[in-house]
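> The structure under discussion is supplied below as structure tokens; questions concerning it will follow.
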């Protein structure tokens, strides 16, 4: 009996299935490159466009109607900032707007006539106007903040005689500082969250490719021991990947870390199990191995945004946030980022951690039912 | 023409029978469009929880708290006795940041002691944290004259000379800082790019026999036209979804394209054609569907990060800047976002030319590869 069940021959123990799965992973070019080499590649490929951390040298056009010593000093100060590069100084607004339409500048800064006079004497009627292309939100806010900072500074240093700074300056200093990711850099923000997505997607692709391949041959059902060994093997791939990224690569990439290393090491196997089980489950409905990347590849970008790393979960409609929580990466980001970057204790991340445990249990059970349980033969043979 | 029609008919018939291949251009993009559309339904960030460490507990600090709570971006996230407790709440995800109001705020304002209000936010979730911190800073700064007035005997504040410099900032194209319009515009081309890459690689890959396209090339009656016929249903379907997405954002959600929407629509078809050409080249070179799919997942899956649309690449290292220009998504995003923000048609010439170059170079390369192998076989 059970001939057409092929690999689920009675001799397949947990240990043998574990080793056999690892052997398959290491000898299959597709699995090896999808699950192991891809993680190594992404560890360097993904942080590269964020390595400069902040927006730099965004081109702006300045319209200098005032043409005074003050306005010229202001333009020099603007150009001296990290964020802005003054591409051109023109005399009228139409020229500047034309430059923006040609795509030469991200913003236009107008220093209107009479600014210096207004500042010295208080006569109203002048000011500074900034137009920014807000379709790129980050560029817009960067330019806006920089201009405000430069102008406040110019006003303080160029105009007010020494004795008046304290009386004329703002009465309260407002200090804004980022916690954890202390420089407010983009690599330290994006990469820790993306790392979770990288592990999840590569492991999902791998496990689903494996199961899809077995579906194609028809020999995809397993006994309980074989299923356990296979799941453990894929989970161990995920565990290795997580330790590699969280342990070594964050350090190599100089991502800010305030690590709860023990907590992270405890949680990683739970995350890896949830993802591996989901991968086996999803793969078991595919018709062939290639279907894994075909169907799951395009989910990577939406899954990243569903984690709430950029646009928080509480801002999404309830059903979207609920759906997002079914994806392991969502609780993954909200567990691993606090543990790795924010020095959180396991108690601090209790809610996402419990969600992750629930996902690991439910997906393992569903995968078990799908791959082992529904096989009539396995229920027969498991009877004493 | 004959080869083209034969390939087209054959492909459409295949799609009728293979529900997975059909799902790749129907259910999958449809579901992803739905979920991303729903995700950004609200648009801008609203009511993000901000904690308060009130070291003053006076009318002055209450004025600050009222001002903070009145900001549409901020929701009062509770009082914390000290910064340590507040940081713990940030770690636990209960608040996105907090404002620390120093003891003696009101009095210090009146006596020019320059008290320091600290606003600390979660830098590990920089987008939301940074926006909340900016909103909090604005709210506090605006509440200050009121606090000073309350403290002074005649309830009047002398005009600040620094405040004489009025700055008026106008965000063009996205006044409410909506993420629907910002990320919505970016995510979808990126997702459809990868879908197009996968479905086209799968379609060409299906013709591999013993790791070779030679048999298909011989039977096709004209490799170039057969390839076009084969890819046409996919490029059309993906472009159709792109159009659905664009119309959803503009007609249903009321966003406005300042430039030419027709140019964007044509540009995206060109972009997906370029993607199809690259997919054909990948299959022709790797001669394995799985490898072509993996390569697509790598180059198209992370193309958004390299497009410079979120973090501009102006200051990036040479590798990032060069690779960004190699990836087709960068050029399409430049075309699309340029038209969205009302750039002249002339500004679209360069990205359009780049996209055409992918069609010619990748498509031509795939054709040459297949022909060379078929001739040798």
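Keep in mind that glycine also has a Cβ here, set from the backbone N, Cα and C atoms.
What TrEMBL says about a protein is an automatic prediction, not a curated fact.
Per TrEMBL, the features are:
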type     : residues  : note
TRANSMEM : B:20-41   : transmembrane segment
DOMAIN   : B:23-362  : domain 'ABC-2 type transporter transmembrane'
TRANSMEM : B:181-204 : transmembrane segment
TRANSMEM : B:234-255 : transmembrane segment
TRANSMEM : B:261-285 : transmembrane segment
TRANSMEM : B:297-320 : transmembrane segment
TRANSMEM : B:355-372 : transmembrane segment
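Distances, neighbours, how buried they are, the whole picture for these features please.
When Cβ-Cβ distances below 8 Å are used as the criterion, the transmembrane segment (B:181-204) is approached by residues 11, 21, 24-25, 28-29, 32-33, 36-37, 40, 43, 173-174, 213, 227, 230-231, 234-235, 238, 241-242, 245, 249, 255, 268, 271-272, 275-276, 278-280, 282-284, 289, 292-293, 296-297, 299-301, 303-304, 307, 309-310, 328-329, 332-333, 336-337, 340 of the same chain, each at least six residues removed from its ends.
Within the chain, the transmembrane segment (B:234-255) has long-range Cβ neighbours (under 8 A, six or more residues past its boundaries) at 25-26, 29-30, 33, 37, 180-181, 184-185, 188-189, 192, 195-196, 199-200, 203, 261, 264-265, 268-269, 272-273, 276.
Counting residues 6+ beyond its ends, the transmembrane segment (B:297-320) has Cβ neighbours under 8 Å at 186-187, 190, 193-194, 197-198, 275, 327-330, 333, 337 in the same chain.
Residues 213-214, 217, 223-224, 227, 267, 270-271, 273-274, 277-278, 280-281, 283-285, 328, 331-332, 335 of the same chain lie 6+ residues outside the transmembrane segment (B:355-372) yet bring a C-beta within less than 8 angstroms of a C-beta in it.
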